[in-house]
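Since the structure comes first, as structure tokens, the remarks are kept for the end.
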């Protein structure tokens with residue numbers, strides 16, 4: 001009998017989670033597969049993924065459990081998205097899903113139903129215990145291109161203490177090679193490129209149009225000139241350039257969403273830059289909440305490079321002010337700002353709305369162009 005602890009492995013039916021469970025089994029861990037049934041209706045992640053995960057566990061000769069998580073997914077993700085877009089922000093569902101739908105409920109199910117204290121997933125990230133601070137630290141994956149620590153910033157210490165990331169120290173190419181070596185049926189399965197909701201509904205716009213009414217409004221520049229019309233501010237996000245449906249002599253970007261007046265405000269790239277923003281719902285991961293300002297690097301979107309920042313915490317550090325060394329393009333309310341010291345994730349939170357910019361009409365310019 002193995003001395004290694006038993007692990008419940010979250011399975012999506014993809015190659016990453018398949019290699020995670022196969023690798024842990026090869027190391028000698030007793031393993032159990034667990035798949036969350038997330039979405040109502042038909043869709044890849046609520047049908048094909050379940051079938052592929054079940055087949056994988058049958059091939060590996062390990063138990064497979066399916067947990068019906070459709071209600072909590074609807075409550076914490078679908079409703080969260082709809083509410084956010086309706087209020088003119090661009091929510092980040094993945095970090096909220098990881099905390100409230102996946103990791104938390106997975107660990108609870110593992111302990112309460114199976115008596116197992118550890119869970120694992122196919123995420124590319126690393127957890128390291130620091131005995132000096134007595135904290136479980138979250139670090140970037142070795143494969144920087146695949147690193148998913150940004151989406152995991154909201155996981156609390158009580159979860160990080162009981163989670164394993166078997167893929168954190170290998171590249172995606174090595175994962176594919178292991179899948180072939182293990183003879184896994186998912187070895188050649190193409191990688192998912194979109195949110196599960198987008199895969200199921202075709203696009204975020206199609207998904208949102210099922211819930212939010214189309215309401216025509218103006219697209220204006222920072223001088224208040226009407227450049228065109230939109231069919232709903234939920235179709236737009238800060239920093240967006242493509243798909244604006246307007247003609248202009250220079251590239252224009254969404255710089256603000258004015259929910260009160262149902263307007264999309266556009267400007268040039270310089271207008272879209274911001275030197276600071278407020279971040280709330282902060283989770284301090286690898287360090288305790290600081291009492292004084294500190295410097296770090298920050299990512300304001302998943303694929304944006306980290307940039308220097310000064311972090312100014314409030315009294316209890318549950319909210320911070322970020323001051324960027326240089327103006328940053330695409331700072332978007334609703335998205336996560338996640339700060340690092342090198343590859344160590346320090347903390348993160350949600351970028352807050354920063355008010356509608358004051359428009360400055362040009363007296364000698366016609367209202368419409």
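Any Cβ shown, glycine's included, is placed from N, Cα and C.
As annotated by Swiss-Prot, active site, nucleophile applies to 97, with the evidence given as sequence analysis. According to its DSSP assignment, residue 97 (active site, nucleophile) is helical.
Every protein chain shown contributes to the tally, and the Cβ of residue 196 (active site, cysteine persulfide intermediate) ends up with 21 other Cβ atoms within 10 Å. Taken residue by residue with DSSP, residue 196 (active site, cysteine persulfide intermediate) is part of a helix. Under the heading active site, cysteine persulfide intermediate, Swiss-Prot lists 196.
Residue 16 (ATP binding site) falls within a helix when secondary structure is assigned with DSSP. For residue 16 (ATP binding site), the Cβ neighbour count at a 10 Å cut-off comes to 24, with all displayed protein chains included. Annotated ATP binding site per Swiss-Prot: 10, 11, 12, 13, 14, 15, 16, 17, 36, 122, in sequence order.
As annotated by Swiss-Prot, disulfide bond applies to 97-196, with the evidence given as sequence analysis.
Annotation comment: Swiss-Prot describes 123 (among others) as site 'Interaction with tRNA', evidence class sequence analysis. Residue 123 (site 'Interaction with tRNA') is surrounded by 25 other CB atoms, counting those within 10 A of its CB over all protein chains shown.
In the three-state DSSP reading, residue 335 (site 'Interaction with tRNA') counts as coil. Every protein chain considered, the tally of other Cβ atoms within 10 Å of the Cβ of residue 335 (site 'Interaction with tRNA') stands at 23. Summarising the annotation, Swiss-Prot assigns site 'Interaction with tRNA' to 335 (among others).
Here residue 36 (ATP binding site) is positioned 15 angstrom away from residue 123 (site 'Interaction with tRNA'), judged by their C-alpha atoms. Listed recorded positions: 36, 97; maximum Cβ neighbour count within 10 Å falls on 36. Here residue 14 (ATP binding site) is compared against the recorded positions 97, 196, 335, and the shortest C-alpha distance is to 196.
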